[in-house]
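S.K.: Mind looking over this structure? Questions follow.
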Amino acid sequence: MKNKELNLHTLYTQHNRESWSGFGGHLSIAVSEEEAKAVEGLNDYLSVEEVETIYIPLVRLLHLHVKSAAERNKHVNVFLKHPHSAKIPFIIGIAGSVAVGKSTTARILQKLLSRLPDRPKVSLITTDGFLFPTAELKKKNMMSRKGFPESYDVKALLEFLNDLKSGKDSVKAPVYSHLTYDREEGVFEVVEQADIVIIEGINVLQSPTLEDDRENPRIFVSDFFDFSIYVDAEESRIFTWYLERFRLLRETAFQNPDSYFHKFKDLSDQEADEMAASIWESVNRPNLYENILPTKFRSDLILRKGDGHKVEEVLVRRV
């Protein structure tokens, strides 16, 4: 039987907003409206009500997993007679389409997790920094494939994750500028002795094909994750959010002379919409269906969004 014929929804328990909100229990983490807006992505939506209804229960669930992993590691280290083993961070992966709101989810989780009673140190890394530099992509004639799996320096990303899980004291990741549409040369995000590391990116749940495994057996990014989240929505909604974001960028970031897209600052509304639609159809939509959406059911939890970026349903994997 082909995977597409399987009803993979049965792997998950499904919860609407009302039932999910009840799983927050007695966990209380204060977040102001200003703080919620500060982590909100461009054209995204995050209110205190959304934090309390969706993210507090999620943080409680994540905390259970973090504590369970720490307890398991402690017992395994005793068994192996390594009582003073290096500190190993709990890694959370967050995947989903362009414009679906992954960054907002990642940032609010970082803030909330860091405010748990035991005050864990939480770092956030986006995989954008592991895109090959623009000059290299141009040299390989791959600019139209930017965001597709082959446009990432996967070897460097795997080395970064391997260093984290090996207990290395200090690990650094390259930083990406959405203004210049390129890596920031010589700029790095340093992760030092973190308790939790969040890895956010469109393709982080992708696995090698069977052909890849036969020819070159290897591990992939998701093999380093202790918990994974997929931010989901209907394509029509995601496209609408992408279109709205493109319009906002034209009015803001594109006006900056340093912006890679400065040449598009004077586009009319119709021209901007046509360009956004063209990019969506030629790049983002194919990437969604070829590489991102097929990984949804590899996640431990799915946040399904509806109108206005509000999460309508939460799916939690049973096994």
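Placed from the backbone N, Cα and C atoms, the Cβ positions cover glycine too.
According to Swiss-Prot, the protein has these features:
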BINDING   G96, S97, V98, A99, V100, G101, K102, S103  ATP binding site
S.K.: Give me the sequence-ordered set of same-chain residues, not including G96, S97, V98, A99, V100, G101, K102, S103, with a C-beta within 8 angstroms of the centroid of the ATP site's C-beta atoms.
M.R.: I202, V231, I238
S.K.: Looking at Cβ-Cβ distances, which residues of the chain lie under 8 angstroms from V100 (ATP binding site) while being 6 or more apart from it?
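M.R.: The list for V100 (ATP binding site) reads V231, D232, A233, I238, W241, K305, given in order along the sequence.
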S.K.: Might you list, by sequence position, any residue in that chain lying six or more from G101 (ATP binding site) with a Cβ less than 8 Å away from its Cβ?
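M.R.: Non-local contacts for G101 (ATP binding site): G41, D44, Y45, V231, W241, K305, H309.
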S.K.: Can you tell me the three-state DSSP label for G96 (ATP binding site)?
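M.R.: In three-state terms, G96 (ATP binding site) counts as strand.
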S.K.: Please work out the number of neighbouring Cβ atoms within 10 Å of the Cβ of K102 (ATP binding site), leaving out its own Cβ.
M.R.: 24
S.K.: By a 10 A CB contact count over all chains shown, which of the binding-site residues listed here is most packed: S97, S103?
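M.R.: Its Cβ has the most other Cβ atoms within 10 Å: S97.
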S.K.: Find, among the binding-site residues listed as V98, A99, the one whose Cβ has the highest number of other Cβ atoms within 10 Å in the structure shown.
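M.R.: Answer by Cβ density within 10 Å: A99.
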S.K.: Using DSSP and collapsing to three states, where does G101 (ATP binding site) fall: helix, strand or coil?
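M.R.: Once the DSSP labels are grouped into three classes, G101 (ATP binding site) ends up as coil.
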S.K.: Tell me which residues of the chain lie with their Cβ under 8 angstroms from that of G96 (ATP binding site), as long as they are six or more apart in sequence?
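M.R.: In sequence order, K102, I202, Y230, V231, D232, I292 meet the Cβ cut-off.
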